[in-house]
Amino acid sequence: MALVSRRSTRSESTSITKEEHTGEGSLTKLFFRWLVTLEGDQDINDGKGYISLPNVSNYIFFLGGRFRTVKGAKPLWLGVLLAIVCPMVLFSIFEAHKLWHTQNGYKVLVIFFYYFWVITLASFIRTATSDPGVLPRNIHLSQLRNNYQIPQEYYNLITLPTHSSISKDITIKYCPSCRIWRPPRSSHCSTCNVCVMVHDHHCIWVNNCIGKRNYRFFLIFLLGAILSSVILLTNCAIHIARESGGPRDCPVAILLLCYAGLTLWYPAILFTYHIFMAGNQQTTREFLKGIGSKKNPVFHRVVKEENIYNKGSFLKNMGHLMLEPRGPSFVSARKPHEAGDWRFMDLSPAHSFEKIQKI
């Protein structure tokens, strides 16, 4: 009798779920889930990726998977967004009109400011909300022993053959969290809870990883921020110099001048560092591993080493970075997937060999 009652309860709950998905309430629910997807739905085995990806990652999706961010992290990216938008608003209200109607042809500087500002904002959004190169989960599943024990050989590094005996060895490693053999230069991000191709670092300012598919947008964002600050500084300096009443009559110009001068340096230092790294085909993780330090690599003495990925010249390396295809999105948030797709399944955590031995 208990078994029959359980079956009837399950059938009733299933029918209720089907009714919910076919009623008017389901349309509202689906709309809000499309608008903001905070948690994945365990009851839905198929559908778009943005519905299932939150089950196996720390991502939050917006507008049907078109934008993403990481939950649980400090919202520093909101401060960066305000730092981009607020100067443009103040410049548009108090400065643009006066510079536009001068006799000496300062319209070009106004146009340049808005042009580089748009590039800065667009590249920031692209860097912060796009797929950095997330690798699919549960591709290389081993036959787990008792108590979900991973075989010991899965904790070994595999060295790949290279065409050069001078450069360092290329190794691949098994990720017990994502359960895949990671490709070279890939790494697991504990903040996002995903493995990322050509993982450079997790940037707290954009709340996203910087990897193969968004590194170029990150560089464009830094360059756009630098040029926008320089042009804003120039425009405000011209306004102050041309003001007949002195600096007291243009307080907003002085405010923007100080702001542009202060916000120029950090992006400039960061951009210089990453240009050197990209020009040598080296990631931040590889650089930190080479110097054996976890400190801020921007202020560390540069140590140039042999690199199998180096194309031989700065221009070739930069061209390879900026012009090569970004590669496919292996775990697309907008494409549908079928029921039983293991890439979107949150499997029981496997224990390490060492942990089992202690037990």
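Using N, Cα and C of the backbone, Cβ positions are placed for all residues, glycine too.
What Swiss-Prot says about this protein:
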ACT_SITE  Cys203  active site, S-palmitoyl cysteine intermediate
DOMAIN    173-223  domain 'DHHC'
REGION    1-21  region 'Disordered'
TOPO_DOM  1-75  topological domain 'Cytoplasmic'
TOPO_DOM  97-104  topological domain 'Lumenal'
TOPO_DOM  126-217  topological domain 'Cytoplasmic'
TOPO_DOM  239-250  topological domain 'Lumenal'
TOPO_DOM  272-359  topological domain 'Cytoplasmic'
TRANSMEM  76-96  transmembrane segment
TRANSMEM  105-125  transmembrane segment
TRANSMEM  218-238  transmembrane segment
TRANSMEM  251-271  transmembrane segment
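Remote same-chain residues near the transmembrane segment (105-125) are listed as 67, 80-81, 84-85, 88, 91, 96, 99, 206, 217-218, 220-221, 224-225, 227-228, 231-232, 234-235, 238 (criterion: CB distance under 8 Å, separation of at least six residues from the stretch ends). In sequence order, Thr127, Cys209, Ile210, Phe218 constitute the residues six or more apart from the residue listed as 'active site, S-palmitoyl cysteine intermediate' in its chain with CB-CB distances below 8 Å. Counting same-chain residues at least six beyond the ends of the topological domain 'Lumenal' (97-104), those with a Cβ under 8 angstroms from any Cβ of the stretch are 110, 235, 238-239, 242. Helix, strand and coil content of the domain 'DHHC' (173-223), in residues and according to DSSP, is 9 helix, 16 strand, 26 coil.
Mapped onto DSSP classes, the topological domain 'Lumenal' (97-104) shows 4 helix, 0 strand, 4 coil.
The average pLDDT for the topological domain 'Lumenal' (239-250) in the predicted structure is 75.
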